[in-house]
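Participant: Here's a structure for you.
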Amino acid sequence: MEEIHSQSDHYRSSSSSASSPASRVPSSNFFYLRKPGALRQPISFEDSPDWDDTDIEVKVEEGGGDSINAATTPASPSLSKINSGSLPSPPLPEGAVVARKISGASVAWKDLTITIKGKRKYSDKVVKSSNGYALPGTMTVIMGPARSGKSTLLRALAGRLPDSARMYGEVHINGVKSHMPYGSYGFVDRETTLIGSLTVREFLYYSALLQLPGFFFQKRSVVEDAILSMSLGDYANKLIGGHCYMKGLPTGERRRVSIARELVMRPHVVFIDEPLYHLDSVSALLMMVTLKKLASTGCTLIFTIYQSSTEVFGLFDRICLLSNGNTLFFGETLACLQHFSNAGFPCPIMQSPSDHFLRAINTDFDRIIAMCKNWQDDNGELSSVNMDTAVAIRTLEATYKSSADAAAVETMILKLTEKEGPSLKSKGKAGSATRVAVLTWRSLLIMSREWKYYWLRLILYMLLALCIGTVFSGLGHSLSSVGTRVAAIFVFISFSSILSIAGVPAQLKEIKIYACEQSNWHSGTLVFLLGQLLSSIPFVFLISISSSLVFYFLVGLRDHFSLLMYFVLNFFACLLVNEGLVLVIASICQDIFWSILILLNVHVIMMLSAGYFRIRSALPKPVWMYPVSYIAFHTYAVQGLLENEYIGTSFAVGQVRTISGYQALRNVYDISQDSNASCYCLF
């Protein structure tokens, strides 16, 4: 304990010169100052309007209404003029659209402990006995350094912990200890995948079709509401983009689009993991002002954040400060500043509060100071914080547990949980057939706009057919050309199948979109696979027609329309099976290296057992004959095309004798002797 007091006194001496009145610099910035001799008094702000201390009150109806009836919680005093209330709100212009009000929900958690095996080096506890709450119409932020348990706590509140995690404690929604049903909340991950070839309005509309039940025209209004809520009106008809050949939206707008996707369900609570991730200061402020506007409609917002600017910090209503899973503070934003002052760590002037908080509780700074302990700058020491971070964390934690703030949190949690309010109900979801249709149509639109999906592959297939056709051109129809024709057809089928691997990057991109949607239960595995396969049919058919025509006439196969159409359909079936194979393996591996490696090995094994390099009847019966040669679709495709070419034909041997096409093929390829064997194909 003496160590804590001595370290705290040392910190006070190092920061007193920065926060003393004599050292204040007149400016228009907002500086955090502690009034001398008044540790328990509110923090005062230079150049900011006066504000009165008001306690949070919650009205509980005696009837069957909401447990939280009215938003009597005052707006948090801001650190900037934007939210300080000093400027009157301008009147709305005539004809302006007002955001739709949302019925929020209260979220309260008590003694919440989360363990994940192997997550921590010395303990499996990622979050330890956390208490807190979030009210409708407010923004509650979970702040802390890296690996402090922010995202884990957020996922626990949303009921999205991984299977390896164990949660102890209670989470109450409107006073009810239960999980939130589908559609009652939205969750936005730190990194989300958007579809660059769609406009913002198209992307949100297809998301609404996947999520909401009902008729298509009813979803237009929720899309427009989401666009309005996230201030995306100027970007509604612009492509999202984000590719090397498509500039697309800035990072801040793309982040707001990912949040708007969850708003089409009109959720009561929205959880956002790092809304300011990869945003500059201007985009971060715009994002937080937009979220503040969203909260003003009644929605409950809970999100994590690493650090923020002074202006952004002033927009928060409540803050939950974590370090290594321990709750160092929960309460009003300004009360957090007072808490640090009470513990002996006042925020110096000209320093952002979030920077100051993280500097005091982030153990990574200890390594920096250890590396630079002998360095001096012109103003003295390298850092004004000279105490051990572990000591600061223990001091802040002990001060908070014995403070009135912790008691106020427990009182509020008791009020929120003593009486059950209305339970949240599921809003229903779109049917599986509707989702398959929506995904099919959306994928068709994406494939038609993305040249890498099928247009580039169409060119590659035609070049391959041209190369193979010119190599095997001018064969004639003699008996001596049978072996060469078999080789031409086998090479055409095998190389075209291998070329389907070029679709792996495009499929992996679609799988990332599916994974993002599936995490929020917007889609399902079978729905995704069917939608992708059905949407590829028109493009695969176009590839099969164009490539077959080039190859068919260059090689000089039999000139008959029905035989040509059978060739096209056989090749189309082969390509469609290839497409399904690529989709399944890419979905399982979800890695471009392993997907390509496995597909190459599968194709090589199928080519070896297809009956060209060695007649199928002569293959070793274990493994190669049974079952590989029967699984290999190359076998059926090549056999079908050869039967299409030679069954029903005959060749003259000398002047008297003739042999059938089947007999001519026997020594080259093993096919069925049945005259109806031309129907022996995949379909």
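Placement of Cβ uses the backbone N, Cα and C atoms for every residue, glycine included.
Under the heading region 'Disordered', TrEMBL lists 1-25, 61-88. Per TrEMBL, the feature compositional bias 'Basic and acidic residues' maps to 1-12. Under the heading compositional bias 'Low complexity', TrEMBL lists 13-25. The compositional bias 'Polar residues' annotation in TrEMBL covers 69-85. Positions annotated as domain 'ABC transporter' by TrEMBL: 107-349. Taken from TrEMBL, the feature transmembrane segment covers 454-475, 487-506, 526-555, 567-586, 592-615.
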Participant: As a test of reading the model: what is the averaged pLDDT for the domain 'ABC transporter' (107-349)?
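Facilitator: Per the prediction, mean pLDDT sits at 88 for the domain 'ABC transporter' (107-349).
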Participant: Please work out which recorded stretch in 454-475, 526-555, 567-586 has the most C-beta pairs separated by under 8 angstroms from the transmembrane segment (592-615)?
Facilitator: 567-586
Participant: Under 8 Å between C-beta atoms and at least six residues away from its ends: which parts of the chain pack against the transmembrane segment (454-475)?
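Facilitator: Residues 447, 481, 484-485, 487-488, 491-492, 495-496, 499, 502-503, 536, 539-540, 542-543, 546-548, 550-551, 553-556.
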Participant: Could you tell me what the rest of the chain brings near the transmembrane segment (567-586), counting residues at least six beyond its ends with Cβ under 8 Å?
Facilitator: 493, 496-497, 500-501, 503-504, 507-508, 511, 529, 532-533, 536-537, 540-541, 543-545, 547-549, 552, 557, 595, 598-599, 602, 633-634, 637, 640-641, 644, 681-683
